[in-house]
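Q: According to Swiss-Prot, the protein has these features:
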ACT_SITE  360  active site, proton acceptor
BINDING   8-11, 22, 73, 78-79, 137, 151, 166, 224, 330, 348, 363, 374  UDP-N-acetyl-alpha-D-glucosamine binding site
BINDING   102, 224  Mg(2+) binding site
BINDING   377, 383, 384, 402, 420, 437  acetyl-CoA binding site
REGION    1-226  region 'Pyrophosphorylase'
REGION    227-247  region 'Linker'
REGION    248-453  region 'N-acetyltransferase'
C-alpha cells in the first residue's frame, strides 16, 4: 500500500540550550532530521510531512531543497496535536508512517520491516526493550497484541516495571488515524493530546496492533541535550568506521575516526588516528594517511602517502605522491604522479608536475610547475598585488633556490635555475641562471656593538 510520512520536529529543544532548532543539530555534519528524510527517501514514500513549530526560517533554509509539506504546530499541545497539523495532507487510502525528528540513526530496513508488519495488522508500532525505561511510555500487551501505551507519569507502579517502551514511531491507516485524532483529549498529567492514546482507541475497537523492533537500541535513541548529541555522534562515527573496515580499510583506532560526508575507497588503505573526512573523498588503493589529517572533497590516487597533520581541501593527489607532514593543499591544488609536497608547504590553484617537489616551507599560489622541477625551501610565489591575482609558470627541470620570491606574472623556463635568495620579476629563459639579490660585501676589522658596563 502507498504510504506517506509524518516527521515530528516541532519540539522546542530547550535542553540543547541553543538558538538553533534541535533537529538541525548535525550528526556526521548533516542535520539530524535530514538524515531521517534521506532514510525515508530510500523507502519510496508518496509524501513527507514535516511538523515544525519554532525557527521556521532556519528550518526552511536548511531543508528547503527537500520536497516537503510544511505543517506548522503553532502551540505545543502534545504529539497527537502535532500529527493533527498534517491531517490536510493525509489520504484515507494510504498508510501513515509517523517518525520523530530527533532519532537520526533509524535504519531503512527497520522502517521497511515496520511497514511489512502493518500489512498484517491494523496498527504497527516500533518498540524497544531497554534496561532503564524511566520517563518512557510503556507498552501494555495482552498476549502478542498491544493494547495501550501508558506514559511514565500516568503509569501505575506495576506498569513502570515494564521494560518495553514506545519509540514514538508507528504506522496507521490514514482514515483510522484521522478519526482517532479527532477524538483525542488532554485528560492526563501533562494536559496534552497524546498520540499514544490512539493506540488505546484502536484496541477498544478490536483492531490488531502489532509491534516490530529495531536491530539495535541506538537506532531509536532520541537526542535532547548536548551530551546525548555527542553520544549519538560517536555511535554514528563508529558505525561508519565498521563499514569501512569491512570494505578493506585499516583504521588504527576506529573510535578515533570521523566521516562527515561520503568516501569511496580502494583496497589496502591505512588510516591513522584522528583523521577527518568531509564532503566527498575518493581514495585509491595502497594509500596511507597519517594521524590528524583533514581531507575535504579530495581525490587521492593509488600509492599516495598523506603524512601527519596535513589538510587537503578540493585537491587532487596523483599516483605515488607524498604530502606532508604539516602540508596544506587548498582548492585547485593538483599533484601529478610521484610529486612531493613536504612540511609547511601550501598550494592553492597550483599544478605540480610529475616528479616535481617542494619539500619544505613554500607557498605556491596560481602556479603551474612542470615535470621534475625542484622548489627550494622558503620559496614564495607572490601572486597578489592587492587587487589582482597573477600566474607563475615554472618549466620542466627548473631549480628554484631557497628563499626565493617569484613575483607574478613571471615565467621560469625549462631547466632554468634561480639562485638562492633571489627576487625574480622578469622571465628567465630556458637553461638560464637568474640571480636577483644584493651583492655580498664583507667588512674587515668591523667591531660588534657592546653593551655599556
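Note: Cβ is positioned from N, Cα and C throughout, glycine not excepted.
Here the structure is a predicted model, which means the values were calculated and not measured.
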Q: Let me spell it out: take the region 'Linker' (227-247), skip the flanking residues so only those 6+ beyond its ends count, and list any with a Cβ under 8 Å from a Cβ in it.
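A: Sequence-distant neighbours of the region 'Linker' (227-247): 16, 25, 27-28, 32, 104-105, 218, 221, 254-255, 257-259, 263, 265.
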Q: Can you figure out which of 10, 22, 137, 166, 224 (the binding-site residues) comes closest in space to residue 420 (acetyl-CoA binding site), comparing Cα atoms?
A: 22
Q: Any idea what the Cα distance is from residue 383 (acetyl-CoA binding site) over to residue 102 (Mg(2+) binding site), rounded to a whole Å?
A: 48
Q: What number of additional C-beta atoms lies within 10 angstroms of the C-beta atom of residue 8 (UDP-N-acetyl-alpha-D-glucosamine binding site)?
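A: If we count other Cβ atoms within 10 Å of residue 8 (UDP-N-acetyl-alpha-D-glucosamine binding site), we arrive at 27.
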Q: If I take the alpha carbons of residue 377 (acetyl-CoA binding site) and residue 360 (active site, proton acceptor), what is the distance between them in whole Å?
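A: Per the Cα atoms, residue 377 (acetyl-CoA binding site) and residue 360 (active site, proton acceptor) stand 5 Å apart.
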Q: Quick one: average pLDDT across the region 'Pyrophosphorylase' (1-226), no decimals.
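A: Mean pLDDT, the region 'Pyrophosphorylase' (1-226): 94.
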Q: List the recorded positions among 102, 360, 437 whose C-alpha is within 10 Å of the C-alpha of residue 22 (UDP-N-acetyl-alpha-D-glucosamine binding site), in sequence order, or say none.
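A: So far as Cα distances go, the recorded positions lying within 10 Å of residue 22 (UDP-N-acetyl-alpha-D-glucosamine binding site) are 102.
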Q: Acetyl-CoA site residues 377, 383, 384, 402, 420, 437: biggest Cα-Cα distance, Å?
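A: Binding-site diameter by Cα atoms for acetyl-CoA: 22 Å.
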Q: Around residue 402 (acetyl-CoA binding site), which residues of its chain at least 6 apart sit with Cβ under 8 Å of its Cβ?
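A: Within the chain, residue 402 (acetyl-CoA binding site) has Cβ neighbours under 8 Å at 376, 377, 378, 379, 420, 421.
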